[in-house]
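Here is the structure we will look at, set down as structure tokens.
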Amino acid sequence: MSAPKIPLLALVQWIGGEYDLTYTAGVPVDWIFDFDPSTFESVDEDVSYVIEWRESSKNKKPKKGWKCFDARVVMVSRSLNSLERELAILEGIISPLRPERTLETIRNNLKNPVKRTLGDALIDSDGVQSEIPDSSGKKKKKKKKNEKTKDTVIEENENGAGNAGLEVPRVEEENPDLEVPRIEEENPDLEVAVVEEEIVGVNQDQILNQQIHRDNQAIKRTLDLLVAEVRNIKASQTEILQRQVGIQNPPQDPNAQVEIGHAGSNVFVSRNQWDTANSRDTFHSMGKSLVKSLFPEEVLLRSNFQGGASKINKNAPQRLGLNRNIMAAIKEAVKQKFPADFKQTLFGMSINNMMTEMRRKAQIAVEIEDQQEAN
């Protein structure tokens, strides 16, 4: 019996309703209508799916059927941790809508794999007991041989003739206690000698391992000293060379302009802004840093990545698109640093999430200000 197979899970972004633009990690793929994981490659902002939410307080399907929600599928995986890491990278808002009961059932199934008892471990696939090595194996074989061999005696009649030379099986009562002393009497010191020899061998191994450990530590200390010396020598050589040639490293102007993307893109940021963006460890965070540097806050509050009316949420306000030349230069700069990790759709989604969060915070600030004025 094999261990239970981990189901395929999805990271989704909800569309519309009270959970609009929030994310949920761990939605079972079989809840998603008309979704084929084998053909799913990347996120398409214009494609959404209907998800049947198969959870309730009583864990039973309601008479009117399960609730259905509209969502985008961002990523699929059999690892919930992978989905949650991707959600953390996107820095999206986590939805309170979460399949807790289903995930708990999956965890419980994975915590109860098929167990093998000691008896199972000693029985092979044909049901035959496996042979266990034993220091007294020779004694067991000898005993087994004695059991299979029948003692014979030559029975003679009272006058010494008649049945002379006829082998007759001698019947003996089984007494297993007699076998052990008879074997041990052959060499009573055998087991003691074997144990003493094993102890001596173990002690010698321990002494050898301790010596090897001490030698390794001494070698490591010597190597550390050599590495430190090499570093000091290189530093000294660099200082001498700089003094001889007169090379000085002038401090860079933090306000100096850096052209991003490619030469001739005509998109510039300050040295400080570039150093900040270039220090980010993901393509999402680097892109968002450059977007904040190149666009005023008021532009970001009323824009999204591509602009125009939403093709999914018809009630959403129409927003301006970010400048295409600037965004092309930003995308090129990010791809140069993260050529293997960069994904266009996730890049655009992270920028939109950033602007959505900015609008949410701005709205909260306005509401607080209005409330203070009313008081």
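Using the three backbone atoms N, Cα and C, a Cβ is placed for every residue, glycine included.
Listed in TrEMBL for this protein:
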| type | residues | note |
| --- | --- | --- |
| COMPBIAS | 138-147 | compositional bias 'Basic residues' |
| DOMAIN | 264-362 | domain 'BEN' |
| REGION | 126-167 | region 'Disordered' |
Residue counts (helix, strand, coil, in that order) that DSSP gives for the domain 'BEN' (264-362): 58 helix, 9 strand, 32 coil
Within the predicted model, mean pLDDT of the domain 'BEN' (264-362): 90
